[in-house]
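Asker: Could you have a look at this structure, given as structure tokens, before my questions?
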Amino acid sequence: MAATGGRRCRRLEGETARAVLANVDTLLFDCDGVLWRGEAALSGAPAALGRLAAAGKRLCYVTNNSSRTRVAYTEKLRRLGFPPAEPRHVFGSAFCAARYLRQALPPGAAAYVLGGPALSAELEAAGIPHLGPGPAALPGPAPADWAQAPLEPAVRAVLVGFDEHFSYAKLCQALRYLLRGPDCLLVGTNRDNRLPLEGGSAIPGTGCLVKAVETAAEREALIVGKPSRYIFDCVASEFDIDPARTIMVGDRLDTDILMGNTCGLTTLLTLTGVSTLEEVRGHQESDCPARQGLVPDYYVDSIADLLPALED
């Protein structure tokens, strides 16, 4: 792949792959589109991670998905045949959001949550009082009624994650909490606009919900998920991480690769998910610094391509 003077992406194979992996202690993996699709592991992925673990590499899992807890991810990894993982090796946006609020909120403060059971579970584990998960109905037939619904005095943050019950009623309540003043934080798990499904279809992602709340509140949310470096800071707070000896492996340029590049990691794109080699070429040939930040150091067709470099 020819470059114009900026970042240059190369296929990771052969002796280059062996040399790169030999100089790495930690690999951070996105999950969906990298390790599995839905409930099926991608071919060769469990074997590749098994070889990496056997070689003494630290494996961590960094995902924007807020609909699973850390424990649920470890169970899925086990079920799909990946090396055993402890919850402390999983960094989902639900866990990272709870960690952020535990640091940012005063004792006893609560969060109003647009999200599901996993987000609620991580907040509970972090000791953060919260309300909001589940369906919500408007409190009356007229806008005047909607503006008079009871508010919980302890709420000092609005947290937006993936919420299948997102509604106008919830949007109204979120806005009313945020209008109480700038001391009420607005936090989002991620800005992913779409969640790709099998067969090329997609559903709206959490980013759509975050944008709705931002638009109503006329405020910008603090995002804890990729490409924010906060999620990497969560990893670095748990483990002694040397960025120069760490690889971020992902399938999305605008989240996985951008975060890795921002944090000074080696970045590896796998072509089993969202982003394509054509997109990489377009960014690589651009003189725009922002687009250059989306160019990975290396790419592979799939994680299974690492297997030859891991042979004894």
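For all residues, glycine too, the Cβ spot is worked out from N, Cα and C.
So Swiss-Prot says this about it:
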ACT_SITE  D30  active site, nucleophile
ACT_SITE  D32  active site, proton donor
BINDING   D30, D32, D251  Mg(2+) binding site
SITE      L195  site 'Important for substrate specificity'
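Situate these features within the shown structure.
Answerer: Sequence-distant neighbours of D30 (active site, nucleophile) (same chain, 6+ residues apart, CB-CB distance under 8 A): Y61, V62, T63, K226, V249, G250, D251, R252, T255, D256, G273.
With a cut-off of 8 Å between CB atoms and residues at least 6 apart in sequence, the same chain places G38, T63, N65, G273 near D32 (active site, proton donor), listed in sequence order.
DSSP assigns D30 (active site, nucleophile) to coil in the three-state reduction, placing it in neither a helix nor a strand.
Using a 10 Å radius centred on the Cβ of L195 (site 'Important for substrate specificity') and all shown protein chains, the other Cβ atoms total 18. Under the three-state DSSP scheme, L195 (site 'Important for substrate specificity') falls in the strand class.
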Asker: For D251 (Mg(2+) binding site), what is the tally of other C-beta atoms lying within 10 angstroms of its C-beta?
Answerer: 24
Asker: For the Mg(2+) site (D30, D32, D251), what does the 8 A shell look like? I mean other same-chain residues with CB within 8 A of the CB centroid.
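Answerer: These residues sit around the Mg(2+) site: C31, G33, V34, L35, T63, G250, R252, D256, T270, G273, V274.
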